[in-house]
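For reference, the structure is listed below as structure tokens.
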């Protein structure tokens, strides 16, 4: 009788390239080939970096897959597990006792990020690099390939105490594991399928030694564990108390090969952790274990699909109010920010200037610190002075001088002497552009730039004459300071201002005639 082909043989023949329907498996905000035009070499760089690292240390593959899992289960797949702790603040996820020192592979992500930044600065997120690295690890150590939807943005919050609150403990029962994964939107079958990642990697003795020496009041050793397997483990893991905490392979049969032999180990009562063996002893998941054990190719395909599903948990994308791409995966240094403004998402580089057209105005946002803002404000005042002098030489009578009072959001000039009052403004206001910016200093009081009655800021002056509101054009440029930012609003030409004023006067005359007729 012919011998059935093993998973390794099947994979080596087909390379098990799994083409997935991303519209049903992944977040609609992610897409395969997200960086195809902005950084076409990104995926190649990650794959080459991962392959090199695993060739030098085969255990890194398991570490990267596990790191992706630990990232997604805490605050979603946002790369927050990569952030280093900040002095004076609570420890980050990576330094929590659950992750430290067991998580491995940080240097691989950092190496890939450095190379990508050199090729495509400020483009590819750390969260995407980690998701790609997990896929490439599955390919390198198990021949399991699948397409990874990308487009994640990086989180900037990492709280260590949230790790044990979200990650499943190694002592959980099958029903508890089902509940834990259900909170993240994953099914019981996906939980059992993803547990197959324990066919590679290692575990510290402290995670399972209770099963060997002090299981419960009736049995010192867990009766569900194969006795010969337990005896082998005891030669490596000393009885407590012990100052040493060695590691052993999660699946000793194929410790560096991602395959379905893990499930055969459970059937033979050689599951290392309680959370492993319970999958076979629990009636609710026993059949799933058996199915995966005897259908290697099917399990591999399900594993790929489950990894895509897991990689879509609570991702940050371009549809969120504020997202980031970090230039250094360990730090909080931001290179790119996206803000939602009136339903339009604008990419704002934190370098020199960004220009955004708002109807007839061009807003220049400068974010280089208070010193730079003060310099530009000074230049603005000089420009305003020069503009006023030019208008005087031309004999212009529209406006010879204007004073911008940011603290009240009101512009007063010589037009105020002719009956113009502060109040409503034009159709588009600079302030509206900052309403949805959660991390911008919108100010209060003197620096806030709040307008007068009913005003949201200064963009165009509004004048009221006997019930008629008129747009008033001021000078060529109006400068407004908002926190550390300087906003420059460019107005229409003087000629158009005069035309609008003329139209307003005619409108007022017509209104006067109507009142006289009604009075008669």
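Backbone N, Cα and C atoms are what each Cβ position is placed from, and that goes for glycine too.
Per TrEMBL, the features are as follows:
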BINDING   71, 74, 76, 78, 80, 93  Ca(2+) 1 binding site
DISULFID  39-120  disulfide bond
DISULFID  72-77  disulfide bond
DISULFID  205-237  disulfide bond
SIGNAL    1-28  signal peptide
SITE      66  site 'Transition state stabilizer'
Rounded to the nearest Å - Cα separation of residue 76 (Ca(2+) 1 binding site) and residue 39 (disulfide bond): 24
Spatially closest candidate among 66, 72, 74, the listed recorded positions, to residue 39 (disulfide bond) (Cα to Cα): 72
Ca(2+) 1 site shell beyond 71, 74, 76, 78, 80, 93, criterion: Cβ within 8 Å of Cβ centroid: 70, 72, 73, 75, 77, 79, 81, 155, 158
Top Cα neighbour of residue 120 (disulfide bond) in the set of recorded positions 66, 80, 93: 80
Neighbouring recorded positions, C-alpha within 10 angstroms of residue 77 (disulfide bond) - of 66, 71, 237: 71
Other C-beta atoms that fall within 10 angstroms of the C-beta of residue 71 (Ca(2+) 1 binding site): 29
Neighbouring C-beta atoms (10 Å sphere around the C-beta of residue 74 (Ca(2+) 1 binding site)): 27
Residues that sit under 8 angstroms from residue 237 (disulfide bond) by C-beta distance, when 6+ apart in the chain: 205, 208, 209, 212, 246, 248
Long-range Cβ environment of residue 78 (Ca(2+) 1 binding site), under 8 Å and at least 6 residues apart: 71, 127, 152, 153, 154, 155, 314, 315, 316
Neighbour-count leader, CB within 10 A, disulfide-bonded residues: 39, 77, 120: 77
Number of other Cβ atoms within 10 Å of the Cβ of residue 80 (Ca(2+) 1 binding site) across all protein chains: 24
Listed disulfide-bonded residues (72, 205), ranked by Cβ neighbours within 10 Å, top entry: 72
